Structure formats: C-alpha cells, structure tokens
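According to TrEMBL, the protein carries these features:
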TRANSMEM  21-40  transmembrane segment
TRANSMEM  105-128  transmembrane segment
TRANSMEM  148-171  transmembrane segment
TRANSMEM  191-208  transmembrane segment
TRANSMEM  220-240  transmembrane segment
TRANSMEM  246-269  transmembrane segment
TRANSMEM  310-330  transmembrane segment
TRANSMEM  350-377  transmembrane segment
TRANSMEM  398-420  transmembrane segment
TRANSMEM  426-449  transmembrane segment
Amino acid sequence: MPDFAAFQNLLLSVVTRVNGTLWDYLLPALLVGAGLWFTVRTRAVQVTMLPALGRILRQRTHEAETSGGLTPFEAFCVSTGARVGVGNIAGIALAVTTGGPGAVFWMWVTAVIGASSGFAESALAQLYKRKSPDGKGYQGGTAATIRYGLGSAFWAALFAVLLALADGLIFNSVLGNTMAISLATTADVPRTVGGVLLAAYAAWVAWAGAKRLAKFATKLVPFMLALYLFLAFAVTLIYVDRIPEVLALIMRSAFTPEAAGGAGLWFILMTGVRRGLYSHEAGQGTVPNAAAAAECRHPVEQGFVQAAGVYVDTLLICTATAMIVLLPGVDFAGQTGIELVGRILSDAFGAYGAALGTFAAWALFLVVLFFALTSVIGNFFYSEMSLRVVTENRTLHLLFRAAVVAMVFAGSQMTLDLVWNLADLFMGVMVLVNLTAILRLGPVVFALLRDYRAQGGADGMAAGARFSKSRLPERLRRGVALWD
C-alpha cells in the first residue's frame, strides 16, 4: 500500500526546492529588471505622477455612479486592503531580524523600481476591461490583458485558475489560520468558535458583491492604516532622538555586511528585495484585477493609483514596522514577527502606565485582525474577477465561493504546509506569465502614457484628459472593446 505520508513529504521537499529557486533568484531578478525597464521607458512615471494623484483619487465620476464601476478611491482601497496584510508586520519584522536593518533600504529601492511595473499592468487592465454581463460595473484584470491584448485564451485561463487557487483558496486559508490564532491568544476565543465566525465573514465577502465590498473597504482600510500608523508614530516620538542613528544604521547595513551582524551582502540585499516584492505585489498580476473594476477617464490614471499603492504598502506601512522594531534598540531575544512587534509596543507604551501597555497590545490585535479581514476581501475580489474573464458559469462560481468559505474554516483549524508551499509555486508561475504579458505589451503602455502627457500640457499631468481607442495607433488597438 502506498505510503501517503512519505509521498507528501517528498512532494513538499520538491516544491520547497523549486520555490527556493524561483523566489530567491529568478523572480526577484525578473521583477526588478522589468521595473527598471519600465522606469527608463516611462521616464520614471512612478515619481512624476505623484502631483496628479490627489486629484485622481478624489474623482467621483458620474459614470461610476451610473455604470456600477468603482471610483478610483474604491479601487485603491480594495487593492491596498489586499496588499497591506499581516505580512507587513510579521514579514517585515522577520526581514529585519534575519537580514539586518539594511534589508529595509533594499525594500525601499524595490518599491520605487517596482511601482513602474505596477503602473504598466494596471493601465493595461483598464484598457482591456469589459462590461459585466449584467451591465453593472466592469470585469477584467491580468487574465483579460492576456486574453484580449495577446489573444491567448489558454494562458489567460491558466493564470485565472492559478490565481483562484492561490489567492482565493490557499492564501485565504492562511489568513483564517492567522486570525483564529490571534483570536484565541488575545481574546481567548476557542479555535472552533473563531473558525465559524471567520467562515461566516468569508461567506459575506463571497456573496456581498463587488460594489458593497469596495464601499466596506473604503471605511475599514483608512481606519486600520491610521491605527497602525498612530502606534508607529507614538513609538517614533518616544525614541525620536534615535531616528538619525537608526537611519544611518539602515544605510550602513545595506552596503557593509559587518554592520548587519555578519550577514552576507547578497543575503541582505535579497532579503529586502524578496520582502518588498512579496508585500507590494507590483508585477505579480494580482492588483490589476481591482484596477480593471474602476471607472476612469484615461487608462493610465489607474496605473498612477496602483503605483501609489506600492508606496503606501512599502514606504509607509512596512517602514512603520521597521521603525517600531529598530528605534527602541532592544534585544530581539529570539523573537520575530508579530510576537516581537507586540512586545516592543507593550514595553514602549507600558513605560507610561500599565493601562497604556494593555491598550497597545489590544490595538495591535485589532490591526492584525483588520489587516487579515481586508486581505480576505482583496484575495476574493481578485480571484472572482479573474475567473469571470474565463467563464460566467454560475454553478462554477457558486462552487468557488463555497470553497473559499470552507478553506477559511479549514485554515483556522490546521496548518497546511504543503498547500501553502503550493500557493507560492502557483504565484511564481503567475509572475512569469504576467511579466511576459506586460513586457510584450510595453508599446501599448508607452503609447497610452504619451497620449496622456500630450493632453496635459507642459507638466504632463492632464487635469481633463480623456481617452478613446482612436487615439491609439491602429496596430495597438487589438482586443480593446470599450473606450469608444
């Protein structure tokens, strides 16, 4: 009789080794390379677009209200809710404790470079979006870009299925595990009870509809970001005299292994690069599924919005975690992740009274819970949007929604090491497919940006720019259905 446990261990070993090759070497090089390419060819659009961002996010177009599409701010909140997750706390704390303070610098560099890829993939998602069959809103994303922009139904279907498996099912089960443990350890909620509550929440997410989810995200995302930034700002004020020292330490450690406690320079660099790429998701093909749902006057405007999301995730939230960990200058004592951040916050606030220490612990609990809850929304939104590009089969979508609920509950009750490693493998394949698509469609991205700048006068930031596909060269209009 076959030894299933032995086979499972063998498969886990193989998948782990393949993931190591993908995520330690190949994908970081490709993602950074693509980011540099788009940075050069767009003349650093991820930086020059910043003056226009506030105006774009404030748009509440009449078209969005009548078409059922998301406003730019709603799309931003959905994608930011997915980007900013528990990994922004646990993952960054782990990166600092293992790769040294220098990893933070390379995380920053990766964010600035990667934002250009985020711009490209989201602008393309806007260009190739379609109206939903019910006429309420839009659907599209990376699968639509591949299907309509490149004319490849097979690769579009493969991407959609992998995204549904990785984000919709497996990563949501990971979030179920994280939330259940957090509820059990902080609020003393039994794992089974927590699992049922989380499954009920997942069911609401699965059947709420895109517009309702987006409106919920616009309420929760700003609040959770503000709460975490408040905690980080308080720690910064307490240790304000150490800011110059910590910034200098980050810079020294980024280039001198000795300053990072003996870690090799390549290890420091790759720790920061991997953590940044994994956190902000630029170039991975997930965020365009939110970008496609927005109502915009020009496709590049969602490119600007989602590039800015990279900065919020990495330059703001990840940096906040790094400052919490580094500013006090405490001994890590073998702790990493949320445990370390929780101890530092409790000690920093607790120095001014036990009640404040308790407040900090509960505030962090709420932050972790909210980060996970909004990630479930984003993961489901991405998966559902991607699957709809491939099929509108109602039964299939109902089964997928039920599977999401089941996986959130299953994740709350057990650790699924092999399944979670498979998710990393699926994501790796998705990145390869997405990068191939956006690089091949680079001429379309550059044409869109030239059109926007041509309408914007000297500063290139067009307050009233509007796009129609007739403004593209005829050879670049393939697969564009809307934008008449």
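Even glycines carry a Cβ here, placed using N, Cα and C.
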Same-chain residues near the transmembrane segment (21-40), Cβ under 8 Å, at least 6 residues beyond its ends: 46, 110, 113-117, 119-120, 270, 273-274, 277-278, 282-284, 424-425, 428, 431-432, 435, 438-439, 442, 445
Any contact, the transmembrane segment (105-128) to the transmembrane segment (191-208), with at least 3 Cβ pairs under 8 A: no
Contact call for the transmembrane segment (148-171) against the transmembrane segment (220-240), three or more Cβ pairs under 8 Å: no
Stretch with greatest number of CB pairs under 8 Å, the transmembrane segment (220-240) reference, 191-208, 310-330, 398-420 candidates: 310-330
Other parts of the chain folded back onto the transmembrane segment (310-330), taken as Cβ under 8 Å at six or more residues beyond its ends: 46, 80, 83-84, 88-89, 92-93, 96-97, 101, 104, 107-108, 110-112, 114-115, 118, 225, 228-229, 231-232, 235-236, 238-239, 242-243, 246, 249-250, 275-276, 279-282, 340-341, 344-345, 347-348
